Structures are given as C-alpha cells and as structure tokens.
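J.: Let me begin by handing over the structure; questions about it come next.
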Amino acid sequence: MVRDNTTVRDNSRFYGFCIDLLQKIAERLQFEYTIELVPDRKYGAVDPSNEEWNGMVRELLVKSTPYVMLKSDGNLTGNERFEGFCIDLLRTIAELLGFNYDLYLVPDNKFGAENTTSGEWSGLVKEIIEKNADLAVAPMTINYARESVIDFTKPFMNLGIGILFKLPKNMPVRLFSFMSPLAVDIWLYVLAAYILVSSTMFIVARFSPYEWQNPHPCVTECDVMENQFSLGNSFWFTIVTLMHQGCDLNPKATSTRIIGAIWWFFTLIMISSYTANLAAFLTVERMITPIESVEDLAEQSKISYGTLEGGSTMTFFRVGSYPPLCYSMSLSFVVHGQPGRLPYRRAHDNAHRKCRGPGGAEIMLNGRLHDVTCITKLVL
C-alpha cells in the first residue's frame with residue numbers, strides 16, 4: 001500500500017505485509033533496494049481484445065545466435081525486433097506468469113566480467129547491479145563470480161568450454177593414393193620379400209631333380225630336360241599368387257612346395273590387412289586436426305587464439321583457482337593482449353570472420369555456440 005503523504009519519495013511511502021517481509025529479508029541478506037510502482041499499477045492480465053499483457057518488466061538482452069537475434073526486417077519496433085530461443089522461452093514464461101516486458105540490448109553487448117583492477121562489472125551483470133533492468137535474457141554461463149553479485153534461474157542447458165577452428169582443406173587425390181593404407185616401409189618389405197622368394201624358388205627348383213621334366217613325354221629317352229621354374233616364371237608365379245590369381249605353374253618338389261606354402265600364407269595376411277585398411281580409407285574421411293586440446297594451443301605459437309571479451313570463458317582462465325600449466329600459458333595469450341591473440345568482442349561474427357579468413361584462428365567458447373557455424377568442428 002502507498003501512504004497518503006505525497007511528499008515522501010523513498011521506500012517509506014510504501015507499507016504492508018509484503019513491504020515488512022521485504023525489509024526483513026534485506027536486513028538478513030544485507031542488501032539495499034528501491035521500490036517503484038508499475039506504471040499501470042497492475043499485476044498483469046491479458047486483454048481479451050488484443051491479447052496483450054499489461055504490467056511491465058524491463059528485460060535486458062545480448063545478441064547471441066541462435067538464442068537472441070535481431071530480425072532482418074528493419075521496420076519492426078519494440079519487442080518484435082527480436083527472435084531466438086531465449087525470446088521464445090521468455091514469451092512462454094510471461095504467458096504462464098502473467099506479466100508484460102520491454103526488451104532492449106545491453107549497450108556494450110557483453111555478458112559481463114569483473115575488472116580485476118577497479119572491481120567494476122561490465123555487460124549484463126553491470127546493468128542488473130545498477131538496477132537499469134529487472135531481468136537479463138541471454139545464453140549466460142553461471143559461475144561463482146557472477147553468482148556472488150546477481151541471482152540466476154535454473155539453467156536451461158548444461159555445456160562446457162570448446163575450441164572453434166577452421167576445418168582443414170581436403171588433400172587432392174594423388175596418383176598413388178591406393179598405397180596409403182600401408183606405410184612406405186611395409187611396401188618396401190613386400191617388394192624385398194617378392195624378390196627374395198622369386199629368386200629362392202628359381203634356385204631351389206634348379207637343384208631339385210623333381211622339377212626337371214621331359215619336354216617330350218612321348219620320347220622315353222631324351223637327353224634334354226626342362227625346368228618350368230625359369231627366372232621369369234619364378235617371378236610370374238610369385239606375383240600371381242600375391243594377387244590371389246590362378247597360375248599354370250605348380251611346384252612338384254617338396255622343397256618348392258614348402259616355399260610356395262610359406263609365400264601363400266604371407267600373401268594371405270598381407271592382402272587381408274590391405275583390404276581392411278583400404279575399406280577404412282574409403283569409408284571414413286581422415287581428418288588431420290592440428291589442435292586437439294588446450295595443451296596443443298599452449299605448446300604452439302603459429303595459430304592465434306582468444307576468447308569472447310567479458311565472457312565466462314575469459315573469467316575461467318583469469319580466476320581459475322587451480323589451472324594447469326597449459327591454462328596459465330593460454331591465459332598469458334588470451335588476457336594480456338599479445339598481438340594476434342586479443343579477446344573477441346562478438347562470438348558469432350568473429351567465428352565467421354576468423355574461421356573463413358586466411359590462416360584461421362582458434363576461438364574458445366561455450367560448447368553449443370560452435371554448432372551454429374557449419375564450416376567448423378568441435379574437438380573438446
């Protein structure tokens with residue numbers, strides 16, 4: 001209720017049970033407050049004629065695709081200018097609780113981080129602390145630093161920190177790409193084994209009497225004997241069996257059959273391994289990612305990287321209580337502003353600009369923000 005004395009302009013002009021309850025809570029939690037009346041002095045109800053809600057709650061926004069976005073139609077005004085997941089969520093909550101709201105963008109377009117020197121906050125957090133807005137609607141990360149100065153609702157999404165980077169370009173198809181399933185050393189060993197077995201077959205067949213045959217079976221007494229495993233035939237027999245093709249040369253001596261059996265077993269293992277690796281190469285695209293973790297970022301200086309200015313990721317690197325050595329190394333690049341490693345002011349726009357530009361860049365953001373850029377990949 002409001003007192004009749006119109007000269008009073010502070011909180012003392014209000015009285016009643018809710019005012020007393022608020023005063024007790026403020027004394028217990030040690031915070032200050034200012035009470036203002038809603039312009040239309042209504043709790044909030046829907047107008048049957050236009051289906052609009054009365055009452056007023058001032059809402060604060062930060063643009064962040066796909067959660068809060070500006071519509072492309074420049075003729076729209078008021079709350080109709082905005083769209084996105086958070087806008088739809090706010091609209092549903094307003095319909096359930098029965099209140100009206102007015103949306104506006106935070107001036108510096110930041111989520112909010114504490115200045116370690118002055119202790120002042122920026123972005124959404126600053127607007128809430130200074131009571132310029134009643135609520136903030138954004139994909140804002142809940143952390144200890146922010147919870148110490150403002151209150152959060154229940155989270156609508158759980159995620160972590162990831163790295164956004166440009167996809168490596170596909171390598172052009174090479175003439176000898178069929179050799180990729182096996183290493184070069186393996187191919188050299190196979191070639192050496194092929195030459196060794198062919199030469200051994202030729203020599204052993206020369207010494208074995210069972211490999212010498214009469215070229216004219218009708219002539220019982222023939223002074224000329226023929227050996228089917230000449231040097232050329234020995235190499236032909238070895239290469240044909242390596243390819244698992246039929247061959248008209250069959251070893252007859254026990255020694256040559258043992259050599260042939262050993263070679264067949266060797267080719268069985270090699271062809272099976274090659275076929276399995278070739279199938280994997282044809283069905284799965286091999287991605288060579290230069291950055292797999294934060295440790296990789298800390299150990300190199302070729303690729304620039306950074307994080308969103310005033311975001312929770314920057315706060316994590318700045319005030320982490322037990323960061324590993326690599327996080328401390330990354331912090332020196334991300335926060336201290338070395339050339340090419342400055343914080344980014346807008347997540348989505350810089351993701352497109354950096355990842356499409358020459359050389360690329362690594363941007364550390366919350367996990368779901370990576371998924372809105374189709375040319376990127378999440379590795380953490």
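The backbone N, Cα and C atoms fix where each Cβ goes, and this holds for glycine too.
From TrEMBL, here are the annotated features:
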type	residues	note
BINDING	P139, T141, R146, S312, T313	L-glutamate binding site
DOMAIN	1-62	domain 'Ionotropic glutamate receptor L-glutamate and glycine-binding'
DOMAIN	66-130	domain 'Ionotropic glutamate receptor L-glutamate and glycine-binding'
SITE	I291	site 'Crucial to convey clamshell closure to channel opening'
SITE	R318	site 'Interaction with the cone snail toxin Con-ikot-ikot'
TRANSMEM	186-207	transmembrane segment
TRANSMEM	261-284	transmembrane segment
J.: Can you tell me which parts of the same chain pack against the transmembrane segment (186-207), counting only residues 6+ beyond its ends and a CB-CB cutoff under 8 A?
T.: 179, 227-231, 234-235, 237-239, 242, 251, 253, 255-256, 259-260, 262-263, 266, 270
J.: Just counting, how many other CB atoms are there within 10 A of the CB of P139 (L-glutamate binding site)?
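T.: Counting Cβ neighbours of P139 (L-glutamate binding site) within 10 Å gives 21.
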J.: Tell me, what is the mean pLDDT of the domain 'Ionotropic glutamate receptor L-glutamate and glycine-binding' (1-62)?
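T.: Reported value for the domain 'Ionotropic glutamate receptor L-glutamate and glycine-binding' (1-62) is a mean pLDDT of 67.
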J.: What else in the chain is close to the transmembrane segment (261-284), if you only count residues 6 or more beyond its ends and a Cβ gap under 8 Å?
T.: 178, 180-182, 190, 193, 197, 238, 241-242, 244
J.: Including all protein chains shown, what's the count of other C-beta atoms within 10 A of the C-beta of I291 (site 'Crucial to convey clamshell closure to channel opening')?
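T.: 17, counting other Cβ atoms within 10 Å of I291 (site 'Crucial to convey clamshell closure to channel opening').
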J.: If one measures from the C-alpha of P139 (L-glutamate binding site) to the C-alpha of I291 (site 'Crucial to convey clamshell closure to channel opening'), what distance in angstrom results, rounded to a whole number?
T.: 26
J.: For T141 (L-glutamate binding site), list the number of other Cβ atoms lying within 10 Å of its Cβ atom.
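T.: By my count, 20.
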J.: Can you tell me how far the Cα of I291 (site 'Crucial to convey clamshell closure to channel opening') sits from the Cα of R146 (L-glutamate binding site), in Å?
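T.: Their Cα atoms are separated by 30 Å.
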J.: Among all protein chains shown, how many Cβ atoms are found within 10 Å of the Cβ of T313 (L-glutamate binding site), not counting that one?
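T.: Around T313 (L-glutamate binding site), other Cβ atoms within 10 Å: 25.
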J.: Taking 10 A as the limit, how many CB atoms besides its own sit near the CB of R146 (L-glutamate binding site)?
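T.: There are 22 of them.
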J.: For the domain 'Ionotropic glutamate receptor L-glutamate and glycine-binding' (66-130), what are the DSSP-based totals of helix, strand and coil residues?
T.: 24 helix, 12 strand, 29 coil
